[in-house]
Structure formats: C-alpha cells, structure tokens
Amino acid sequence: MADALTQLGFASWLSVLIASSIKVTLILVGGSVGMMFLTWYERRSISYMQDRRGPNRVGPQGLLQPISEAIKTMTKEDATPREADKIVHFLAPVVMLGATVLSFAVIPWGRMFPVDLNAAVLFVIATGGLHSIGMMMAGWGSNNKFALLGGMRGVAQLISYEIPQVMAIIPVVLMTGSMSLQKIVEAQNDFGGLGWYVFSPVGLLGFALFFTASLAEGERTPFDIPEADSEIIAGYMTEYSGMKFAVFYLSNYMSNLAVCFITATLYLGGGNGPGVDALGGFAGGLLSLIYFLLKSFALFFVMVLIRATVPRLRVDQLMSFAWKFLLPLVLVNILSASFWVALLRWDQQWPQLTEWFGAPSTADATNWGRLAIAVGLTLLINAGAVALIMRLTNRNVQKHLYTTDEELALGLS
Amino acid sequence: MNPIAIGVFIVIALLTLGSGIMVVTVRNIIHSALWLIASFIGVAALYLLMEAEFLAVVQILVYAGAVSILVLFAIMLTRQVTGEGVRVVFERWWVALLIALGLFGVIVPTLWQHGSTWEEASKLAQVGPAPVEGVAAGLQVATATEIGRSFMGEYLLPFEVISILLLMALIGAIVIAYEERTRRRRVLTLAEELALKKRGIVEPRDAEGAVVPREAEGAVILLDSEQA
C-alpha cells in the first residue's frame with residue numbers, strides 16, 4: 001500500500017505513515033465490530049445447543065442485540081472503589097487491550113501480511129504474556145481480596161499454560177525452518193494447496209495441544225477459572241463496571257479470535273487451499289482470505305461447542321493437566337518432529353552421518369517413500385505417547401477420585 | 001535518518017528514560033515495578049526501531065512478561081506494599097549519581113570511537129526494508145536465523161555451558177522444593193474427614209478440647225500417599 005501512495009506523489013515517510021494508520025484503523029474497527037457480532041453468534045449457538053432461544057428480540061433474529069448492548073455499556077455508571085489505586089485500576093483494561101491488539105499486527109490475512117516479522121511466532125507468544133501484567137494490575141488496583149485472588153489465579157494459569165503453548169509451536173518451526181508466519185504459510189502450500197501441517201502426525205498432535213493450551217491462555221471454558229462466576233464472582237474484574245468492563249470483555253474476545261487466526265495459520269495452512277495458486281493475482285488473494293476466515297471461524301465454532309458442553313475444571317485439575325498431560329506430550333511431539341525433519345532431509349543436511357557412522361542412506365528412496373517412512377514413524381511415536389500418557393493420567397484420576405478404606409487407614413493409622 | 005524514525009526514536013527514548021526515573025523516585029513500590037515494566041517495553045521498542053526483531057521480542061517475552069511478573073509476585077508476597085514511610089532519596093544520593101555519570105562517561109566515548117557501528121545502527125533504523133548485506137560485522141547477529149546459526153556454530157561451547165548451568169539450577173530448585181514438600185502435612189478433604197468420622201476415628205483432642213497436632217502423636221501424614 002505504501003508503494004502505491006509513493007507513486008501518487010506522497011513523500012516516502014508520509015506514505016508509510018498513512019498506510020500504517022489505515023492498517024491499524026482497519027484492524028481496530030474490524031476487531032471490535034467483529035467481536036460484537038461474535039458475542040451474538042456465540043450466544044445464539046449455545047442457546048440452540050441447550051434448546052432455548054437466546055437473543056431474538058432486538059432486530060431480525062436478535063441481530064441488533066450487540067448494538068443495544070454497546071449503548072448500554074457506554075451509558076452505564078462507571079464506578080471506581082474509593083480505596084482503589086485509581087490510576088492502576090484505570091490502566092489495567094488498557095494494558096489488556098493493548099497486548100491483544102499488538103498480536104494482530106503479524107496475523108496473515110490470507111496472502112496479505114500487515115507486518116512480516118522475522119520472529120512473528122515469538123511475537124505472538126510475547127504479546128500473549130503481557131496479559132498477565134494487565135491481570136495483575138486489575139487484581140491489585142481494585143483493592144479487593146476477591147479481585148486479587150482472581151488475578152493471582154489468572155496469572156498462575158497464564159504462566160503454566162504458556163510453556164506447553166510455546167513448546168507446541170516448536171515442531172512447526174522445526175518443520176518450516178523459520179519463525180516467520182509468511183514462511184510457515186508458504187511451506188504448507190504443497191499438494192495443490194493442501195499440504196497443511198495438520199495432515200501430518202506431528203502437526204495433528206501439535207494442533208490439538210496448541211489449541212487446548214490456547215483455550216487456557218484465552219480463559220475460555222473449560223479453563224475460565226480466573227473469572228469463575230460461581231466461586232469468586234468475576235475474579236479480577238469484580239470491581240469493574242460500564243465501559244471498563246466492556247474493554248476487558250473486548251480484549252478477551254479479540255485474543256480468542258487471534259488464537260483462532262494463529263492456529264489456522266500454523267496448522268491449517270493459513271490462506272492456502274485448492275485453487276488459490278491457479279487463480280492468482282487479486283482473485284487468488286480474495287479466495288485465500290475467504291479460506292483463512294472460514295478456517296478461523298470453524299475454529300471459533302469449536303470453541304463455542306466446547307463452551308456449551310464441557311464443565312469447568314478445578315484449580316488443581318487445571319495445573320496437573322498442564323504439567324502432567326500437555327507437557328510430556330509436547331516434548332514427545334518435538335522429538336518426533338525432529339525425526340520427521342531428519343527423515344525428509346537426511347542426506348542433504350547431514351551427509352556426514354552416512355559417511356562416518358554408516359547410518360542407512362535414504363538417497364535411493366523416492367520422495368514419496370521418505371514421506372511414507374516419516375509418516376509411519378512419527379505416527380507410531382505420537383500415538384504410542386498419547387496412549388501411554390492417557391493411561392497413566394486415567395490411573396491417577398481414578399486413584400484420587402476413589403480413595404479406598406485401606407488407603408485412608410494407611411495414611412491415618 | 002528518516003524523519004519518522006527520528007521522531008519515534010525521540011518519543012520512545014524520552015518515555016523509557018522518564019519511566020526509568022520514575023522507578024527510583026516513586027514511593028509506592030508496586031507503582032515502581034509497573035514503571036519498570038514500562039521502561040522494559042520502551043527498550044524493546046528501541047530494539048524494534050533498530051530492526052533487531054528477535055532481541056525486541058525476547059525482551060518483551062523475558063523481561064516484560066516473565067521477570068516483571070516475578071518481581072510483582074515477590075513484592076506482593078514479602079513486603080508491606082503501601083510503602084508510605086519508605087524513604088526514596090538517601091543522604092548519599094550523590095554517590096550513586098557519580099557512579100552513574102562515570103558509567104555514562106565510559107559508554108559514550110566507546111560508542112563514539114566505534115563510529116562506523118553507530119552510523120550503521122542509524123542506517124538500520126530507517127523505516128522500510130533495510131539492506132542486510134552492507135551491515136557491519138558486529139551487527140549482523142540480529143535476526144533469529146543469524147542467532148540460531150551462531151549458537152549452533154561459532155558460540156556452541158558457551159551455549160552448551162550455559163545450558164548445563166541452567167539445567168543444574170533447575171535440578172537444584174526441584175531438589176530444594178522436594179525437601180520442603182516432605183515436611184508438609186496433607187490437609188484432609190471433607191470427604192476423607194467424613195469417612196474418618198464414619199469409621200469412628202475422631203480428631204485427637206487435649207484436655208481443653210483443642211485439636212492436638214498430628215505430629216505430636218508421632219503420625220505425620222505426608223502429602224503423597226505413596227510416601228507414607
């Protein structure tokens with residue numbers, strides 16, 4: 001966009017400034033308006049799943065409901081507790097929303113890349129980590145014990161789930177050989193636009209793990225413990241009302257949307273799909289944008305489905321799920337990703353291995369043969385690991401659920 | 001330098017410096033930690049302006065994301081957070097000022113002598129794609145690819161040494177935490193207490209009716225039932 005403006009006769013710095021402002025405005029407006037209708041969509045679908053009506057009075061099918069709610073939140077009284085730390089209390093939602101909006105900078109919209117950072121994957125993770133500051137500020141600044149507890153719980157959850165989330169991305173980075181989202185999208189363009197990572201065993205497991213960890217990062221059910229309504233009444237948002245609460249809500253939804261976008265980019269091939277390269281040019285770009293949005297909203301539908309059906313976890317279940325279930329699986333997945341890369345590029349990358357140590361050479365094998373070996377081996381490793389860890393976890397769960405009399409006697413005699 | 005880049009640089013540098021000064025002058029210690037986060041983010045923005053993307057992102061991830069939360073947790077768990085009576089400026093503040101000025105006096109001439117590096121750095125800070133080939137040798141290790149190459153090639157030995165050091169720290173932390181854990185008593189759940197009452201075992205009480213701690217009886221319940 002900046003080049004086109006330069007050709008129109010603007011100075012280069014002015015055209016960069018104008019182009020960046022337009023992009024930022026588009027993202028902000030698109031994000032918040034999109035979020036308003038996502039809330040409508042989510043409530044309608046959940047009410048359909050639970051056999052009730054949901055919003056249906058304002059406008060056709062309740063479509064104007066978000067607008068009426070926006071007016072309501074804007075006109076609502078914005079109360080601040082007398083003993084609260086006013087500035088911190090005010091800045092907390094701003095920090096949360098800022099962290100969310102930052103991550104939108106690197107998301108590839110089909111074939112359009114607002115900013116192609118070299119370390120885009122890390123950037124997304126880093127901005128996700130900034131949420132914990134906002135949460136801490138909200139919890140502490142409210143001067144309320146429930147809010148502080150909720151904030152602490154939220155931060156603990158964010159820190160715990162950041163580890164499996166980051167490590168679930170490592171296989172993708174290994175397979176692509178780059179942390180740039182543009183390169184990751186390009187790498188999934190094989191087989192007529194269908195070489196998505198989710199179709200490989202490594203990518204499939206990585207997709208499941210990343211999406212689960214991201215649900216916890218975005219405080220979605222079943223991991224919405226920080227705002228657990230039934231226990232500590234809205235958690236770190238207890239003392240927020242009116243527009244400040246709405247900003248929290250907005251940042252929450254936008255970060256969930258960003259998670260869907262990132263998952264679609266990393267594992268579902270971003271804007272790749274059959275026909276994008278064949279069309280080419282503007283039409284191909286439009287088609288890739290449509291593919292990308294379809295994949296992302298399908299993921300959002302999965303989030304809604306999970307919210308409608310899965311009950312909330314307890315705090316201890318949450319922690320052991322992250323450390324005892326997700327983390328080992330993620331480690332195994334990294335191992336099998338390195339096998340995948342090694343089997344596909346054995347002789348080009350490490351000719352010394354065959355020369356010096358007599359490792360079997362796959363130079364004679366065809367590309368399809370290598371692919372078959374790689375798929376078979378990684379499938380074996382990943383399926384074995386999933387089966388083993390699920391079995392171990394089930395055994396532990398049963399042990400803690402049903403304490404026998406013998407165990408009680410053993411512990412208390 | 002590009003006019004936008006200069007303007008952005010001045011704004012970010014002033015913000016970083018200002019929040020750095022606020023860190024040491026603000027009375028409320030939590031506010032001080034929050035200003036520290038602001039200055040971390042300012043430094044990250046400066047890195048980004050120099051197109052050292054990887055460094056900028058790691059600065060946000062490690063310092064603004066992780067270290068600051070650690071600092072906040074540590075403050076909240078150990079101190080009186082209001083800190084109204086805390087003296088910020090001590091008698092010998094001029095000693096600290098002298099040391100800071102001395103350090104500044106070392107850094108500025110060093111940068112001045114390596115004039116070429118400074119020039120290249122400002123060239124790199126231009127908005128838009130910068131030519132990577134013409135960059136001075138010391139600045140080439142800026143992108144993720146270059147850092148990865150130099151970790152696995154030139155600086156492999158230091159990298160391994162640091163990895164072993166960090167691994168030892170990790171194991172040490174686990175060992176310390178584990179020793180701590182075996183001494184702690186397990187708190188019974190409601191269901192377990194109920195089961196105990198059903199089986200006729202009640203909490204041991206002394207003459208006044210207060211609950212006798214179990215350690216006094218010699219029966220210590222460990223956190224993990226396997227260790228009992």
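Each residue's number is its place along the chain shown, starting with 1.
From the backbone N, Cα and C atoms, a Cβ is placed for every residue, glycine too.
Features of the protein shown, as given by TrEMBL:
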type: TRANSMEM; residues: A:12-41; note: transmembrane segment
type: TRANSMEM; residues: A:87-107; note: transmembrane segment
type: TRANSMEM; residues: A:119-142; note: transmembrane segment
type: TRANSMEM; residues: A:154-174; note: transmembrane segment
type: TRANSMEM; residues: A:194-216; note: transmembrane segment
type: TRANSMEM; residues: A:246-269; note: transmembrane segment
type: TRANSMEM; residues: A:289-310; note: transmembrane segment
type: TRANSMEM; residues: A:322-343; note: transmembrane segment
type: TRANSMEM; residues: A:371-390; note: transmembrane segment
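Among the listed stretches A:12-41, A:154-174, A:246-269, A:289-310, A:322-343, the one sharing the most Cβ pairs under 8 Å with the transmembrane segment (A:194-216) is A:246-269. For the transmembrane segment (A:322-343), the list of distant contacts is 160-161, 163-164, 167-168, 170-171, 174-175, 200-202, 205-206, 209, 212-213, 216, 349-350, 362, 370, 373-374, 377-378, 381-382, 385-386, 389, 393, 396: same-chain residues at least six beyond its ends, Cβ to Cβ under 8 Å.
The stretches the transmembrane segment (A:87-107) and the transmembrane segment (A:154-174) do not meet in space: the count of Cβ pairs below 8 angstroms, excluding pairs fewer than 6 apart in sequence, stays at fewer than three.
Using a Cβ-Cβ cut-off under 8 Å and counting only residues 6 or more beyond its ends in the same chain, the transmembrane segment (A:119-142) has close neighbours at 81, 84-85, 87-89, 91-96, 98-100, 102-103, 105-106, 148-152, 154-155, 158-159, 162, 165-166, 169, 172-173, 179-182, 184, 217, 226, 235-240, 248, 251, 255, 258, 262, 266.
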